[in-house]
Amino acid sequence: LGLPTPATLSVPDLCCGNNSESPLFQCVLTGRWINDLGSNMTIGALNGKGEFSGSYHTAVTATSNKILLSPLHGSQHHTNQQSQPTFGFTVNWKFSESVTVFTGQCFVDEYGKEILKTMWLLRSRVNSIKDDWKATMVGMNVFTRLQSQE
């Protein structure tokens with residue numbers, strides 16, 4: 001009929017949620033984060049092995065002790081340039097006889113917002129093996145980047 005063939009243009013996805021192979025945004029662990037309970041953490045730069053350290057200031061505790069800033073140490077999975085890495089870290093609480101391990105993944109949502117989805121195990125010291133059943137708690141937290149106030 002002599003009608004022109006419509007042109008097709010390749011338009012890249014504008015954000016990360018639609019193309020898991022090559023998202024435009026990368027989620028970077030380094031920086032300051034706040035979780036859904038109001039706890040804050042700072043993650044330092046990753047070294048060549050993917051290891052990092054930082055600090056954690058919890059907003060909640062099951063003890064009556066004064067909350068103190070506590071160190072964290074962890075590692076990020078080598079991602080081979082992928083943009084939503086998995087990671088894990090340990091917090092050695094300075095105000096109680098307990099340790100928490102976190103594991104999670106760093107995501108970028110459809111609006112370009114970085115989110116850390118984590119699960120954790122908190123192990124508290126107990127006086128005897130008979131109390132072992134109550135020594136470990138499990139939970140989940142969602143962290144978002146804490147914007148600096150300038």
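Don't overthink the numbers, they just go from 1 along the chain as shown.
The backbone N, Cα and C atoms fix where each Cβ goes, and this holds for glycine too.
Taken straight from TrEMBL:
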- C27-C106: disulfide bond (DISULFID)
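Taking all protein chains in view, 22 other C-beta atoms sit within 10 angstroms of the C-beta of C106 (disulfide bond). Cβ neighbours within 10 Å of C27 (disulfide bond), excluding its own Cβ and spanning all shown chains: 22.
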